[in-house]
Amino acid sequence: MRILGVDPGYGIVGIGIIEVSGNRISHVFHGTIETPKDLPAEKRLKRIYEEFLKVLERFSPDECAMEKLFFVKNVTTAIGVGEARGVLLLALAEKNIPVFEYAPNEVKVSLSGYGRASKKQIQENIKRFLNLSEIPRPDDAADALAIAWCHALQSRARRVTHGEN
């Protein structure tokens with residue numbers, strides 16, 4: 001099963017793709033979709049949508065794991081991230097890819113056993129778990145891989161609980 005992890009953002013969308021085969025989880029790809037601050041909002045969202053569709057077509061994920069929008073202090077940031085999530089969800093719906101959402105602390109628990117683990121600790125763990133030579137950069141891509149990893153573990157647990165394995 002191929003899992004696409006997404007760290008949604010307005011300026012930077014983190015992308016992380018892993019492959020789950022039996023008990024093995026391997027790295028496929030990580031990167032970002034970036035939009036310049038000087039572009040009008042509608043053009044930024046269009047770019048996110050079009051570039052994300054290219055990722056979906058290139059890698060054909062079976063499922064998508066996305067970070068839930070959580071409380072943020074900056075309302076403008078929250079609105080931008082919400083708009084970006086909207087175009088990402090639209091692209092996923094068009095491709096009939098199921099979406100699973102995870103809160104940041106759920107992702108941290110799945111990678112460290114602790115919901116308040118540091119970003120550095122999570123990055124080190126994702127590097128180690130996926131046998132990467134270095135921490136994925138930028139942070140948004142590392143976060144997306146962590147979200148995908150979380151989903152791989154959660155979906156495995158659901159299958160075991162429901163007697164599918």
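Residue numbers in this text run from 1 along the chain shown.
Glycine is no exception: its Cβ is also placed from the backbone N, Cα and C atoms.
Under the heading active site, Swiss-Prot lists Asp7, Glu67, Asp140, citing sequence analysis as support. The Mg(2+) 1 binding site annotation in Swiss-Prot covers Asp7, Asp140. The Mg(2+) 2 binding site feature in Swiss-Prot is assigned to Glu67.
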Query raised in the report: Tell me, how many other CB atoms lie within 10 A of the CB of Glu67 (active site), whichever protein chain they belong to?
Result: 24
Report summary line: Three-class DSSP assignment, Asp140 (active site), comes back as helix
Report task. Taking the Cβ of Asp140 (active site) as the reference point, list residues of the same chain whose Cβ is under 8 angstroms away and which are at least six residues distant in sequence. Result -> Asp7, Gly9, Ile12, Val13, Gly14, Thr32
